[in-house]
Structures are given as structure tokens and as C-alpha cells.
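What follows is one structure encoded as C-alpha cells, with my remarks underneath.
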Amino acid sequence: MGITAGKSVLVLLAFLAFASCCYAAYRPSETLCGGELVDTLQFVCGDRGFYFSRPSSRINRRSRGIVEECCFRSCDLALLETYCATPAKSERDVSASTTVLPDDVTAYPVGKFFQYDIWKQSTQRLRRGLPAFLRARRGRTLAKELEALREAKSHRPLIALPTQDPATHGGASSKASSD
């Protein structure tokens, strides 16, 4: 009793399907840095906002911030969601509570950790701090401009030619025609 070719192909296809599923489940996730990290956190967390480091209740001594975890190591959805802020109480929850605040207490916004303006500022801060190659590009541009200026100064003409045409401004030719 031998194994037929059809059965061996079927077993091979089943093995390949299983192997591809396992590879997809355990492959390393992508890394996220800078603006991509902030955009992804904004998408994942939505209106809740997010933290760059975990809230103090979850901190242990060896914990790293999201930049260290997602930029230098692989990052997945479950890890990103741990950095989302907890939503503030809804109006229904607040109205059901029995505590009443005095009128003279100044109201501070609660639960708005990284809304758009602050998120945009932190994105700009990240972009200012991270990419050194942009600073290098700007330095190269300035160096090229400086070199062009030096070239222009070193290649000055020996005789300074007038910028205006003497015939149109009544130079020597107009005196000769009037004589």
C-alpha cells in the first residue's frame, strides 16, 4: 500500500497552509518611529488620547516608554493599546454621582491628554528631535549657498560694465548727432 500522488499533494498543501498561518501569527511586527508612531497611536486610541509613557499605576522599574518599545523593537496592536488613555467619565456617570463641587473651583479639562493641538506639538517636537539627517541636509544646502557666494566673489569681471545702454540714456551718441 503506497501513498498516492493525490494524497501526498493534499498533505503538502495542508502543511503549507498551516505553516503560512503560523508564520503570519508569529512573524515580527513592524517598528514605528516619529510621526508614524504618533499617527498610529492617534488612530488606535481615537478620542481617548494616549501617553508616551504608561500611567504611574502600571509602571515597574524596568518599563520603557512607547518610543523605546515600538521604535527599537517590534510593536503590535495590543502594545499600542496599553498606551491609550482611559476615557473620562461620561455625562451620565457624572450626573449619577452624589458629589457636588463648590462654584469657586476652577474647572480644568479632564481626560483630554493629547488632543489635536497638543498632539501636533508633540509630533513637531518628535520631528525636531529625531531626524539628524534633516539637519545635515540643511547644512549641505547652506554650504552650497556659501560656496556659490564665494564663487561669485572670486569670479568678478576685470572691468565693470555699465548696466544701462548709453544710446537709450543720451550718452556720447546724442552729442555727436546734435553737432
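Even glycines carry a Cβ here, placed using N, Cα and C.
What Swiss-Prot records for Cys33-Cys71 (among others) is disulfide bond. DSSP assigns Cys71 (disulfide bond) to a helix. Its Cβ taken as reference, Cys71 (disulfide bond) is surrounded by 16 other Cβ atoms within 10 Å in the chains shown.
Counting only residues at least six positions away in the same chain, the Cβ atoms of Leu41, Val44, Cys45, Arg48, Gly49, Phe50, Tyr51 sit under 8 Å from the Cβ of Cys84 (disulfide bond). Look at Swiss-Prot and you will find Cys45-Cys84 (among others) tagged as disulfide bond, backed by similarity to another entry.
The disulfide bond annotation in Swiss-Prot covers Cys70-Cys75 (among others). In the structure as shown, the Cβ atom of Cys75 (disulfide bond) sits within 10 Å of 20 other Cβ atoms.
Residues or ranges marked as O-linked glycosylation site by Swiss-Prot on the basis of experimental evidence: Thr106 (among others).
Long-range Cβ proximity for Ser154 (O-linked glycosylation site), meaning a same-chain Cβ under 8 A and a gap of 6 or more residues, is found for none. In this structure, Ser154 (O-linked glycosylation site) is part of a helix by DSSP. The feature O-linked glycosylation site is assigned by Swiss-Prot to Ser154 (among others).
Same-chain residues at least 6 positions away in sequence with a Cβ under 8 Å from that of Thr163 (O-linked glycosylation site) are not found in this chain. Residues annotated as O-linked glycosylation site in Swiss-Prot: Thr163 (among others).
If you look up Swiss-Prot, you'll see 53-64 marked as region 'C'.
Under the heading region 'A', Swiss-Prot lists 65-85.
The region 'D' annotation in Swiss-Prot covers 86-91.
As annotated by Swiss-Prot, signal peptide applies to 1-24.
Every protein chain shown contributes to the tally, and the Cβ of Arg48 (site 'Important for interaction with integrin') ends up with 16 other Cβ atoms within 10 Å. For Arg48 (among others), the entry in Swiss-Prot reads site 'Important for interaction with integrin', with the evidence type similarity to another entry.
Summarising the annotation, Swiss-Prot assigns site 'Important for interaction with integrin' to Arg58 (among others) and lists similarity to another entry as the type of evidence.
Feature annotation from Swiss-Prot assigns site 'Important for interaction with integrin' to Arg61 (among others).
Under the heading site 'Important for interaction with integrin', Swiss-Prot lists Arg62 (among others), citing similarity to another entry as support.
Of all the disulfide-bonded residues listed here (Cys33, Cys45, Cys70), the one with the fewest other CB atoms within 10 A of its own CB is Cys33. Summarised as a single figure, the pLDDT of the region 'C' (53-64) averages 57.
In the three-state DSSP scheme, Cys84 (disulfide bond) is classed as strand.
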